[in-house]
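Here is what Swiss-Prot records for this protein:
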- 40, 200, 201, 243, 244, 245, 246, 247, 248, 249: ATP binding site (BINDING)
- 80, 168, 180: substrate binding site (BINDING)
- 306-383: domain 'PUA' (DOMAIN)
- 1-28: region 'Disordered' (REGION)
C-alpha cells in the first residue's frame with residue numbers, strides 16, 4: 001500500500017504545472033525542498049470525544065509518513081493526546097484536567113498508550129519509532145539542547161521516526177493547550193528541520209471567524225509576523241481562537257521562522273492530511289527568514305559568550321567551507337564554561353570568526369586543544385564527540 005501511495009503522489013506532482021508548484025504552499029514541504037520535516041498533531045485530531053484514538057485516521061497519517069520516508073524525507077512527529085487517553089483509562093473527569101495532579105497522572109498512563117499506538121501503526125508500515133518526552137525547558141538549557149539535537153540526528157540517520165510529546169507527567173506550567181505548537185517549533189529549530197506543519201481543526205489563520213463572518217478570508221502566506229497578525233490570533237479577536245489556539249500557533253510560527261524554518265498551519269480534519277496538504281497547499285504558510293541575521297540573532301545576539309576559542313588558519317578556512325571545528329585546529333582556550341555554553345571563535349589576530357555551542361567544558365576543552373580526533377578518548381577517559389563545535393551549532397560572523 002505504501003508503494004501505491006508513493007506512486008499516486010508522484011503522479012499528482014508530475015501533473016502540476018510549474019506555476020502551480022511555485023504558488024503552492026505544500027510544495028515548500030515536499031521531500032525535494034524539505035529534507036527534514038516536523039509535523040505536529042493535536043489532541044482534538046488524534047482523540048475523539050470518547051477519549052479513544054481515531055485509529056483509521058491516524059493510520060492514514062502513518063501511511064503518509066511511510067511514503068515520504070520512502071521518498072527520502074526524514075520526519076519527526078510531535079504528538080499530543082497522552083492526557084486525553086490516560087484520563088479515559090482512569091475514568092477521570094474533565095478529560096483529566098480537573099487538577100494538576102489529575103493531568104499528571106493521566107499523562108503518565110497515557111504516554112504508554114500513545115507510544116504503543118504510534119509504534120503499532122508505524123510498524124505496520126515497516127517503520128521503527130522512538131519516544132522522546134520533553135518540556136520547553138529542556139530546549140532552553142543549552143547542554144540538554146545539544147543532547148536532544150544529537151539524539152534526533154542519530155535516530156533520523158538510522159531511519160527511525162521520533163515521536164515527541166511534552167513530559168506532562170512532571171511538567172507544571174507546560175500543561176495547557178497549545179504548548180505542543182511551541183514545542184514543535186523548538187524541535188524544528190533543534191533538529192535543523194526545513195519545515196514544521198501544525199495540523200489543526202482549522203485550515204489556517206483567518207482575518208475573522210469564518211463560522212461567524214461570511215467575509216472572513218484565509219491568509220495563505222505570511223512573510224512577516226507583525227501586530228496585525230497577532231491581532232487576528234488574539235483571544236479577543238473575531239477569529240475567536242483564544243490564547244490556547246491560534247495565538248500559540250502564531251507564536252510557534254515566530255519561533256520557527258525566526259530560526260530559518262518554514263511553518264504551515266493546515267487542517268487535519270481529512271484522511272491522509274499530510275499528502276493532501278502537499279498536494280493542495282490549503283493553509284497558511286509562514287515563510288522562514290533565510291537571512292544570515294536571523295541565525296545570528298538567535299545564536300549570537302541573544303546569548304552571552306562564556307569563553308574564547310582561538311584557532312589556526314587551517315581551521316578558519318575549514319569553518320568557512322562549512323565544516324565543524326575539530327580540536328586539532330584549536331590553538332588555545334580562554335574562559336570558564338560548561339558544555340553547551342556559547343563561546344566565541346577567533347583567529348590568531350583575535351578577529352571574531354564565529355560563535356557556537358561548545359561540546360565540552362573548559363577543562364576538557366583545554367586538555368584536547370590541538371589533539372587529533374583519535375586521541376580524544378584516551379585523553380579524556382571516555383568516548384566523546386569528534387567535534388569541539390558542530391557546524392549545526394555554529395554561526396559565522
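In case you wondered, yes, glycine gets a Cβ from its N, Cα and C as well.
The structure displayed is predicted, hence computed values, not measured ones.
Structural mapping of features recorded in Swiss-Prot.
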{"residue": "40", "record": "ATP binding site", "Cβ neighbours (10 Å)": "29"}
{"residue": "80", "record": "substrate binding site", "Cβ neighbours (10 Å)": "27"}
{"residue": "168", "record": "substrate binding site", "Cβ neighbours (10 Å)": "26"}
{"residue": "180", "record": "substrate binding site", "Cβ neighbours (10 Å)": "26"}
{"residue": "201", "record": "ATP binding site", "Cβ neighbours (10 Å)": "11"}
{"residue": "246", "record": "ATP binding site", "Cβ neighbours (10 Å)": "27"}
{"residue": "248", "record": "ATP binding site", "Cβ neighbours (10 Å)": "22"}
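Taken residue by residue with DSSP, residue 80 (substrate binding site) is part of neither helix nor strand, so it is coil. Checking Cα-Cα distances from residue 180 (substrate binding site) against the binding-site residues (40, 201, 246, 248) with a 10 Å cut-off leaves 40, 248, in sequence order. The DSSP secondary structure for residue 168 (substrate binding site) is coil.
For the substrate site, the Cβ centre of 80, 168, 180 serves as reference, and the other residues of the chain with Cβ at most 8 Å from it are 43, 78, 79, 81, 82, 83, 165, 166, 179, 183. Residue 248 (ATP binding site) sits 18 Å from residue 168 (substrate binding site), taking the C-alpha atoms as the reference points.
Largest Cα to Cα distance within the recorded substrate binders 80, 168, 180: about 11 Å as a whole number. Taking the C-alpha positions, the distance from residue 246 (ATP binding site) to residue 80 (substrate binding site) comes to 16 Å. Comparing residue 201 (ATP binding site) with residue 168 (substrate binding site), their Cα atoms are 22 Å apart once rounded. Secondary structure at residue 201 (ATP binding site), taken from DSSP and collapsed to helix, strand or coil, is coil. Straight-line distance linking the Cα atoms of residue 40 (ATP binding site) and residue 80 (substrate binding site), rounded to a whole number, equals 8 Å.
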